[in-house]
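Student: First the structure, which I've put down as structure tokens, then a few questions once you've had a look.
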Amino acid sequence: MIKKIAVLTSGGDAPGMNAAIRAVVRAGLSEGLEVYGVFDGYQGLFENRIQKLSRYSVSDVINRGGTFLGSARFPEFKQPEVRSKCAEILHSHGIDALVVIGGDGSYTGAKLLTEEHGFPCIGLPGTIDNDIPGTDYTIGYQTALETAVDAIDRLRDTSGSHHRISIVEIMGRHCSDLTICAAIAGGCEYIVAPEVGFNQEELIQQIELSLANGKRHAIIAITELVTDVHKLAKDIEARVGNETRATVLGHVQRGGSPCAFDRILASRMGVYAVELLLQGHKGRCVGIQQEKLVHHDIIEAIDSMRRPFKSDYLEVSKKLF
């Protein structure tokens, strides 16, 4: 029977992580469990930085961005001996289960603890990239989307004033959800998504045609890692003549107070994670699909499941611009 659980956040931070921690802590306490916080992710676990949490430990955190537990990337966790020590540390505290909030790398860590040591782990999807399989939305995505749209709105004001072409680089790694949705909401004229490839010549020709038809400014939304946006800006300006500037939104997308959607999603998922542990589940990851909370085998989710590309959204965008 589970009596003690721990919670950690790992990888890149995302708005709503604090709400998820709060939900795990308070749901666990309401069920009579002891709840512990692991500081700075798997690195903190390896360094035995674990602290018992109370109801008041998570007061006034639901509206705060980031994660008060801290987060860190810890590549050493790939080493079997490091994972073994982490499992020993959890057992030394009498901890029976672990809730991991993070992205795919965090899930992999939870998967290995479950596979190798039989340690009950539940994964919650916390990343602005919305690239975790088994869920329609990840914690932090909606807030990051609002941040990106706000930036696009501001860039449109100044781009229109100066007849400028603006390139906006948006996070997401190999998933274009954030880029496509921000572009639709922000009225961007062009979208460059990694799933469909990038043809620079085709993009420039489209811009040239738009300018020839009377367009005086434009905004291009592009997912990070597709190309060097500053070089692209120079290439476009050299061809079309209009001043062209690239803006990399970067880590500003990870910050800020989480929106209501992310607070509610994180709260629901956190409570659900505790319920799953009490039901005897382990090695599961939580998601939301068609507005219903679901759970999947964490190993299957990482190895087999794939997130669908929003091709229908991209087709919508083509008819709007």
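Each Cβ is built from the backbone N, Cα and C atoms, and glycine gets one as well.
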Student: Since Swiss-Prot lists THR127, ILE128, ASP129, ARG164, MET171, GLY172, ARG173, ARG245, HIS251, VAL252, GLN253, ARG254 for substrate, which candidate among GLU195, GLU201, GLU224 does it give for that site as well?
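Tutor: Looking at GLU195, GLU201, GLU224, the one Swiss-Prot places in the substrate site next to THR127, ILE128, ASP129, ARG164, MET171, GLY172, ARG173, ARG245, HIS251, VAL252, GLN253, ARG254 is GLU224.
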Student: Need a hand: Swiss-Prot gives ARG73, PHE74, GLY103, ASP104, GLY105, SER106 for ATP, which of GLY12, GLY186, GLY187, GLY197 is also on that list?
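Tutor: Record source Swiss-Prot; matching candidate: GLY12.
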Student: Translate the DSSP assignment of ASP104 (ATP binding site) into the three-state scheme.
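Tutor: Going by the DSSP assignment, ASP104 (ATP binding site) falls within a helical segment, counted as helix.
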Student: So what sits near ARG254 (substrate binding site) in its own chain, CB-to-CB under 8 Å and at least six residues off in sequence?
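Tutor: Expected: GLY12, ASP13, ALA14, PRO15, GLY65, GLY66, ILE128, GLY140, ALA144, MET171.
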Student: Could you give the Cα-Cα distance between GLY187 (ADP binding site) and ARG245 (substrate binding site), in whole Å?
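Tutor: Each residue's Cα considered, GLY187 (ADP binding site) and ARG245 (substrate binding site) end up 18 Å apart.
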Student: In angstrom units, rounded to an integer, how far apart are the Cα atoms of PHE74 (ATP binding site) and ARG22 (ADP binding site)?
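Tutor: Cα-Cα distance, PHE74 (ATP binding site) to ARG22 (ADP binding site): 24 Å.
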Student: Within 8 Å of the centroid of the Cβ atoms of GLY12, ARG73, PHE74, GLY103, ASP104, GLY105, SER106, which other residues of that chain place their own Cβ, given that this set defines the recorded ATP site?
Tutor: SER10, GLY11, GLY41, GLY102, THR108, GLY109
